[in-house]
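As written in Swiss-Prot, here are the features:
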type	residues	note
BINDING	62, 63, 64, 75, 79, 80, 81	substrate binding site
């Protein structure tokens, strides 16, 4: 399978998998932006993508940014549908206690390509019973 990438900014870096077998590809900022504590901003990557048929791209945080600085992707995982052709933008939020500077060329998120299913939705009067039933939200312990 191929992921087609179009640069919309000369500073853009094409996403890649750092190691063989990695699920995610790093996404990079094309701009310098400062995020104050509890502030969120849209960060530009300078790329558009064309996904393979029957796939989606999930945008996820980078664990190092989250652990060391409290920087995460606000709507994680963000979903890019197969038919979307606009620039990929990443909504970052600073959950840390100090300002954080996003540098040009910095790895800001990761993109994972996943298969999608097209389902036929059917309304029913009642669902089948299970042993779990409606128990959720910590019902098996905290």
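Backbone N, Cα and C atoms are what each Cβ position is placed from, and that goes for glycine too.
Source: prediction; values computed, not measured.
Sequence features, as recorded in Swiss-Prot, placed on the structure.
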| residue | record | DSSP class |
| --- | --- | --- |
| 62 | substrate binding site | coil |
| 75 | substrate binding site | coil |
| 80 | substrate binding site | strand |
How big is the substrate site in terms of the longest C-alpha to C-alpha distance among 62, 63, 64, 75, 79, 80, 81, in angstrom?
-> 26
